[in-house]
Structure formats: structure tokens, C-alpha cells
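Q: Swiss-Prot lists these features:
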- E128: active site, proton donor (ACT_SITE)
- E267: active site, nucleophile (ACT_SITE)
- N23: N-linked glycosylation site (CARBOHYD)
- N119: N-linked glycosylation site (CARBOHYD)
- N277: N-linked glycosylation site (CARBOHYD)
- N306: N-linked glycosylation site (CARBOHYD)
- 1-22: signal peptide (SIGNAL)
Amino acid sequence: MLYSPKKLFLFFLSCIVLYVNSNNSGFVTAANSIGLNYGLLGDNLPSPSNVINLYKSIGISRIRIFDPNTEVLNALRGHRDIEVTVGVKDQDLAALAASEEAVKGWFAANIESYLADVNITFITVGNEVIPGPIGPQVLPVMQSLTNLVKSRNLPISISTVVAMSNLEQSYPPSAGMFTSQAREQLVPVLKLLSQTSTPILVNIYPYFAYASDPANIRLDYASFNTKSIVVQDGSLGYSNMFDAIFDAFVWAMEKEGVKNLPMVVSETGWPSAGNGNFTTPAIASTYNRNFVKHIASGKGTPKRPNKSMNGFLFATFNENQKPAGTEQNFGLYNPSDMKPIYKLF
């Protein structure tokens, strides 16, 4: 998550499959396809083996890690019922973009030894680096990795993770369009993905929109807590901001000739502290619970009705080595005792 105030202002001015059941207490019970992000930027995190046991105990079958961490991947050995998305570090992109041999070396060093007993289903090339100075490095690395896994007939999808800063305009959703830099860097990636219908991974955070303009954005609209139509866009009505942001990205892709490309929600969530009354456990719980119920309904979005979405909630733990404030408080669990900050599962 990298959101500058300027980008947020411009973006919002212009404007998993998760299957769940609610038990009698109102808590959410995860079924087999919900995903969680597993970040490691903390000095008080539990051991990876304990984290994997936590995932198993709450029915988590998909996780996303931001780099090929050996401790985590070793802890996942034998747990092939958990699908793993592994990220390529941003700082590795320059060397990997230089040659296909470098990519083969990276794969051999970081992925090869885990293929037999870890269920690696996605490799993501860079995290929110498009648009940006190293954005052009994403496409050649994706091409090399795609060629590699295809040549070996490996069931691993290659993609990248992008933020909504790629949108120059997002309101109303049908006006969604990419920035000029995104058109230069992202559209070739989207066209590569469309050749095999491989999803693009997107980070969607209604929280940042609400926090940047609470006077004009309703909390219930941002947190999935109203069924009333808040934004009418032609024949399409929006009762939550998540759908509006998602569909703005869909519209932007279509304007570049990329249609029907799947999208995976690589991150979404709401911080439970760090920004006063905007970030409480109650609001965070409301957003995440309502998000899961919304996705589980199978309704899709107004632009893509009745189409399921895969996704990952952000994040498993509060991470005390991230920037102070909200960034440290997106976790569902306290790392020191692994107790929930609020009950979700």
C-alpha cells in the first residue's frame, strides 16, 4: 500500500472467491477459498509454523506472501491444501528484467525446491510499482516467467499487483480511465494477461477514499453498510464504494481494448487504529465482515453482475515495522498472542 496524499486527492477528486457463513453470533466462518495477506514487517511476529496452524484452524486456504521467504515456504511444506501467491521483490526487478537467464536463476533459487510440496499457484511481479520509475521492468520479467512456467507445464499463473493510482478518473465508474503513464506501462501487461485470461491483481481500499474526504463520502457507503443506491451511473446503481472502484478499473481496461479480463482483489481491508475515529475495531470489523458477505453473495458488481471474485483480506497481523499510524493497524490478529483484534472468523 503506497498512497501519497496527492495521488489520493487526484484519484478521489475525479471521483476472494470468498464463500462464508454467518453464525448466530454474527461472526464470519471462512470456507475453503478465502485468502489472507501474510506480511512480515514486524519484530514480534509468531513463527511461520504457528501462523500456518492458525490459518488451518480458521479455514484459510489461500495466502499471499510478498517475497519468497524461506521460513514461510518451509513451514508450508506438506500443506498443499493452502494455495500460495508469492511475490517477486521490487528491488529484484531490475536484475531480472535484464535477461531471461536471470529469471531462470531466480526461479531455481526461490521456487524450484518447493514445487513438490508447496502449492504455489501465483507469482506476482512487483507490488504497486506500476505506474512508476521501475514500472517498465515488470513486463519483461512477467514474459520470462510466463515462458518458463509454460515450457515446463507448471500450473502457476504470472501476474502483477497494481493500485488504484493507475486511474486518472474514477467517478462516475463509467468515466474510469487510466493515467498516461498507466497506459504506457500497464496496458501492455494487461494485453499479455488477456492472452491467457490470467487475472490482474488489484488493491482496493475504500478506507483511503473515506479518510481523505469524510465530509463528502458516507461511511456506510465506504463500509458496505447500506443497501441504498448512493451513486447512480446511467443504468448502474452503486450502494458501496468497493464496487464503484472495481468497476472504474473495469471501464478503464475496456477503453484500452481489454475486455473480460479477470481481476483478483489482492488487498482490501480497514485499519482498526491509527487515525482517530475513522479507524476503530468496530468500523474495521464492519467493513471486513460486510465485504466478505458481499463477495459471498455472488452478486458481483453492477458492471460485472453474477461474476465471482477471488481475493485476499489485508492483513493477518498488525506489523510494527511498517510506517507509524494506520499502516501498522490493518491486521486481524495481534502478533504477540495471536488473539483477534476483533472477531471475524
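Every residue, even glycine, has its Cβ placed from backbone N, Cα and C.
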Q: Work out the three-state DSSP category of N306 (N-linked glycosylation site).
A: coil
Q: Between the Cα atoms of N119 (N-linked glycosylation site) and E267 (active site, nucleophile), find the distance and write it as a whole number of Å.
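A: Distance (Cα to Cα, whole Å): 20 Å.
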Q: I'd like to confirm something. Which of the recorded positions, E267, N277, N306, has a Cα closest to the Cα of E128 (active site, proton donor)?
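A: For E128 (active site, proton donor), the spatially nearest of the recorded positions is E267.
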Q: Who sits close to N306 (N-linked glycosylation site): which same-chain residues at least 6 apart have their Cβ under 8 Å from its Cβ?
A: G298, K299, G300
Q: Just going by other Cβ atoms within 10 Å, which of the glycosylation sites N119, N277 has the emptiest spot?
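A: Minimum Cβ neighbour count within 10 Å, taken over the glycosylation sites N119, N277, occurs at N277.
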Q: At the level of the C-alpha atoms, what whole-angstrom distance separates N277 (N-linked glycosylation site) and E267 (active site, nucleophile)?
A: 22
Q: Within 10 Å of the Cβ of E267 (active site, nucleophile), how many other Cβ atoms are there?
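A: That number is 23.
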Q: When a 10 Å sphere is centred on the Cβ of the residue listed as 'active site, proton donor', how many other Cβ atoms does it contain?
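A: Around the residue listed as 'active site, proton donor', other Cβ atoms within 10 Å: 22.
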Q: Using DSSP reduced to three states, classify N277 (N-linked glycosylation site) as helix, strand or coil.
A: helix
